[in-house]
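Trainee: Could you have a look at this structure, given as structure tokens, before my questions?
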Amino acid sequence: MQHTFKALTLSYKIAPIAVREAVSLNEIACKNLLDKINEFTDARDVLVLSTCNRTEVYYASEQDLSRELIKLIALERGFIATKEITPYFESITEHEKAVQHLFYVSLGLESQVVGDMQILNQVKKAYQWAADANMAGPFLHRLMHTIFAANKQAVNETAFRDGAASVSYATVELVEELTKGMENPRVLMIGVGEIGADVCDNFQKSAVRNIVIANRTHHKALELAQKTGATAVYWEQVWEEIRIADVVVSSVPGDCFFISKDALKDEELRTPKFFIDLSMPRSIDAGLEELEGVRVLNIDNIRNRATAALEMRLAAVPAVQQIVVEAMAEFKVWTKEMAMSPALQQFKNRLEEIRQQELARYLKNLGEAERAAVEAITKSMLNKIVKLPAIELKAACLRGESEELLQGLSALFQLEQKQEA
């Protein structure tokens, strides 16, 4: 197994929201991109991750496929020219750094709100899509499960996930700040996907309790309202609710604005009115701010608001990074052991050939019972002979000396020659 893992990443760190939404991929688009990568490239162990803060492709290939992948992302999003988006992508072509980046992203070390709990679920979905598309091999399977184990260790042994410092909680804090001084402010939550549901859950711990939920599928809004003590309204009522709400939080998918300036410019709105857009691509027209008494905030305004929890999480970052270091070391040993497997199998096959040749010479004069006994004894001997080199090779892996032993084993038993023959 060669070290060929790479990553192509675009994130909030350098890409403005307009660029992020231009390359944002929903579930169907992520699955389509996996199919395109499978069809047009030699990449394997491919993971496609797209959230409100990042669009990334992880893959194994001898070649740097960044240009091809950017073109495929653009094609999936319906445009051809990539000149304007390419500078915002970063290519991580060094194997260890790409592995580390996936660890850091999955555990929330790279999140806009440090330790964000939603990112791991998004990574798990991306992994499931890769597996469903037959784009996940032994390397990616092992890597993902090592990451999941590291995350569990971070949760159990550090304060990195303590408190509420997620995007959803930061949204609730922002609503509290915006409505300070209002009497019983009315908050409309549009959309009950993962983020929308988390926002409603967090409002249960807030002094802001007049929450109204609207969703295209009414029974989902009703279920969430019953769970969180909110009020559910039918989708047909959403525009009236937008008009009378003090704060409108939107988390609805789509490729165009759900709430536009033109739709509200002639309406009599309760003001001041705040729109908070958690969607990617954006669902609220920033032009609404041209209307009197209206303010629009987007996902880039929702960062690092849960101060106490954030400070606790930041203090835990070194401990989490150490967990990643140890997990990566364990994973590196596994990859080296996997690299040994073909040679060990060739070694075992070569010994089996010798065993079969010798048995063919001497068993023909033996009875059935004697043949069975000799067969069992020689198989047992072969397994014991193979076991010692396997143990020594694993120990050599830990010392970083396995390559020399593999070369010696291959030379002694003509393994490479047998492979070429």
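Keep in mind that glycine also has a Cβ here, set from the backbone N, Cα and C atoms.
In case it's useful when we look at the structure, here is the feature table from TrEMBL:
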DOMAIN    9-158  domain 'Glutamyl-tRNA reductase N-terminal'
BINDING   Thr51, Cys52, Asn53, Arg54, Ser111, Asp116, Met117, Gln118, Gln122  substrate binding site
ACT_SITE  Cys52  active site, nucleophile
SITE      His101  site 'Important for activity'
DOMAIN    173-303  domain 'Quinate/shikimate 5-dehydrogenase/glutamyl-tRNA reductase'
BINDING   Gly191, Val192, Gly193, Glu194, Ile195, Gly196  NADP(+) binding site
DOMAIN    320-415  domain 'Tetrapyrrole biosynthesis glutamyl-tRNA reductase dimerisation'
Trainee: Using the structure shown, find which entry in Met117, Val192, Ile195 (the binding-site residues) has the sparsest Cβ neighbourhood within 10 Å.
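Mentor: Sparsest of the binding-site residues Met117, Val192, Ile195 by Cβ contacts within 10 Å: Met117.
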Trainee: Counting across all protein chains shown, how many other Cβ atoms sit within 10 Å of the Cβ of Gly196 (NADP(+) binding site)?
Mentor: 25
Trainee: Can you tell me how many other Cβ atoms are located within 10 Å of the Cβ belonging to Asn53 (substrate binding site)?
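Mentor: Asn53 (substrate binding site): 26 neighbouring Cβ atoms within 10 Å.
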Trainee: What's the CA-CA gap between Met117 (substrate binding site) and Ile195 (NADP(+) binding site) in angstrom, rounded?
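Mentor: Checking the Cα atoms of Met117 (substrate binding site) and Ile195 (NADP(+) binding site) gives a distance of 11 Å.
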Trainee: If you skip the near sequence neighbours and keep only those at least six away, which residues in the chain come within under 8 angstroms of Cys52 (active site, nucleophile), Cβ to Cβ?
Mentor: Arg20, Ser24, Val167, Ile195, Leu278, Ser279, Met280, Ile299
Trainee: Same chain, not part of Thr51, Cys52, Asn53, Arg54, Ser111, Asp116, Met117, Gln118, Gln122: whose C-beta falls within 8 angstroms of the C-beta centre of the substrate site? Give them in sequence order.
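Mentor: Along the chain, the qualifying residues are Gly108, Gln112, Ile119, Val167.
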Trainee: Near Ser111 (substrate binding site), which residues of its own chain have a C-beta under 8 A away, given they sit six or more steps off in sequence?
Mentor: Asn53, Val105, Ile119
Trainee: Find the longest CA to CA distance in the recorded substrate-binding set Thr51, Cys52, Asn53, Arg54, Ser111, Asp116, Met117, Gln118, Gln122; express it in Å as a whole number.
Mentor: 15
Trainee: What whole-number Å value do you get for the CA-CA distance of Gly196 (NADP(+) binding site) and Thr51 (substrate binding site)?
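Mentor: Taking the Cα atoms only, Gly196 (NADP(+) binding site) lies 14 Å from Thr51 (substrate binding site).
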Trainee: If you measure Thr51 (substrate binding site) to Val192 (NADP(+) binding site) at Cα, how many Å is it?
Mentor: 16
